[in-house]
Amino acid sequence: MAKEINNDTIAKFENDLNNHPVFNVASHAAQENGIYKASQNLQTKIDLDPIFSIEIDTGKPADQKQSGRCWMFSALNTMRHPLQKKFKLQDFELSQNYTNFWDKFEKSNWFFENVIATADKDLGDRKVSFLFATPQQDGGQWDMLCGIIEKYGIVPKSVYPETANATNSSALNDTLNTLLRKDGLELRRLVNAGKSEDEVQARKEEMLNDVFRVLAISTCVPPKKFNFEYRDDNHNYHIDKDITPKEFFDKYVGMDLANHISTINAPTSDKPFHKVFSVEYLGNVEGGRQVRHLNLKVDEMKDLIIKQLNNGEVVWFGSNVVKDSERRAGLLATNLYRRDQLFDVDFSMSKADKLDSGESMMDHAMVITGVDIVDGKPTKWKIENSWGEKPGFKGYFVMSDSWFDSFVYQAVINKDILPEDLKKAYDEGKDNPIQLLPWDPMGALAFKY
């Protein structure tokens, strides 16, 4: 065949099309209903009934609304569930807006420091371009939220509720990123003009003052102390006066953040299993907790998740939720749409190839709250989403085990349940993790939004 497409080639393809046994039926279905509806597999819907052999009751799902804070909502959900049970507070939520304020403030400083560190590079350098493309955003990682809580604590949602700019974050992100790009360019000029470190840092502090003002006007000034006043599910009155956010976390949440680690399943050639990885420029708190991922085989990850569920603890996880999913029905399944049968085309790719080619990446974090074990094997998983109660089964989704294999990339595991060889692998690699490039798909959850 010639390099260019010619009329003979097109005629050949048209002849093949006209001789295809299902062309007319398939084209009518797809053109009238759309590709996904025309290829939907009803049997998959039947198979994914919301019944599970292991299940943790976690109450009403939260709602991130028009924001990219899934990672934050899901992480705070894992922390609020034990609190709800212990203190008899069925509908209690931790303040996502509080952590959002400090996350954006810290990300701004993180951006400034990375701009200063790369000031000797050309603006066209890919890493510099990457930094300026999205100075800050809604996305993030488990370790990044832990860094915020370790530094600033946490408060109840009733003390620091959502605001318009938290629930619909596009205007705030646009405003902040405009300011950060302008100031970032100025910091580069100061460094390249030979200004001293003290002079550069002094100017950066003035810039951060502007950032703080933008955030305070948009989302409110976070409290330093507050009264935790509530009635429990038995209508008993309680009040805890003048408590700080860090005191509140220690007293009412108390999760051992340092003992919960991120594991990933990234079966690409550049990421050997049982090694610890980090992603360049991925973080928020300067001098705080570093993002680290221990790479596991998918069956190792599943076994640990099931063990954690059996211990009564839910699991934060990262996935590619837009793939093979139906939001309204709350289903995640690789056979949900049979596009291969509709078009008579092979779309199959390995998980590694999907990651290497950009076909798949982490774009959403949720919480695993249950699993159905049949004949010793997981068949489907119960998922707590953060899209409110309308989609799925009152906000909960059902994920097939094959979808887990294909599109689940990360899970946060209590280190206590790791076997000794994996504990050793993590401990040996955590202080000097292998650095991945900033645009690696294992960092996509933080940079996608």
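Just so you know, glycine gets a Cβ as well, placed from its N, Cα and C.
Features of the protein shown, as given by Swiss-Prot:
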ACT_SITE  C70  active site
ACT_SITE  H364  active site
ACT_SITE  N385  active site
As a whole number of Å, the Cα atom of N385 (active site) is distant from the Cα atom of H364 (active site) by 10
Excluding near sequence neighbours, so keeping only residues 6 or more apart in the same chain, what lies with its CB under 8 A of C70 (active site)? Q64, H364, A365, M366, S386
Under DSSP, is H364 (active site) part of a helix or a strand, or is it coil? strand
Using a 10 Å cut-off, grab the number of neighbouring Cβ atoms around the Cβ of N385 (active site), all chains included. 27
If you count Cβ atoms within 10 Å of the Cβ of H364 (active site), leaving out that atom itself, what do you get? 23
For N385 (active site), just give me the three-state DSSP call. coil
